Amino acid sequence: MKGLILNNLYSIDKSVKFSLLISTAAIIPLIISGNPTALKIAVLLPFLIIPMNAFEVLKQDSMSSWNKFEITLPLKKSKIIQSKFITFLLLLFTSLLLTFALFYCASIFISPTVMDDFFNIGLRGMGLMFCAASLVYPLTYIFGIEKSDMITMGSMGFSFVMFFFISFLMKVFIGEMKGVEEIFSLSFLLVSIFLFILSYATSVIIYRKKEF
């Protein structure tokens, strides 16, 4: 399992480093600006950039024919799927860590108020990516790597649809009350995590039946 995860990370090593560089370069001026909207974008950006590399693992596996080799390894197919999902989680955690580190430093050296919306927007960023991943993996295993770009774009669209749908439900059933923004962010994240877990189970079933 550890070897599979390391191989996944190695295959996208350069892309991940570039994403980290781009994210850092984008976050710093947005934080310095002090604009409330810019700060929200600064929190959200790394979640939309860094974890996307996890989806590229599937493409790299196909291009290098690694996907045909790894099924010959003395491992359960569920372990192979686990390695893909864990790779995604590691990159998502990296996004959270990078963003928190930069915002924490900014709260010390610039202004403590920059952290005001960090956790609220951070939960939404993670929710969006969990939602996207819940479609990317099973659909890519069904339709093939040739349609991976279209699947990724469609999955991101699905994430935002879910975002606004849950937001709409919150307004209908809860309305305007104190703490509603935080309740929405947590609810969206929990729904997204549920879809992600469901996606893992679905991907395992699809992968077991898939022929290479």
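Cβ coordinates are placed from backbone N, Cα and C, and glycine is handled just like the others.
Note that the structure is predicted; figures quoted are calculated from it, not measured.
Residues or ranges marked as transmembrane segment by TrEMBL: 38-58, 85-109, 121-144, 156-174, 186-207.
Taking every recorded stretch in 38-58, 121-144, 156-174, 186-207 and counting its Cβ pairs under 8 Å to the transmembrane segment (85-109), the highest total belongs to 38-58. When Cβ-Cβ distances below 8 Å are used as the criterion, the transmembrane segment (156-174) is approached by residues 124, 127-129, 131-132, 135, 180, 183-184, 187-188, 191-192, 195 of the same chain, each at least six residues removed from its ends.
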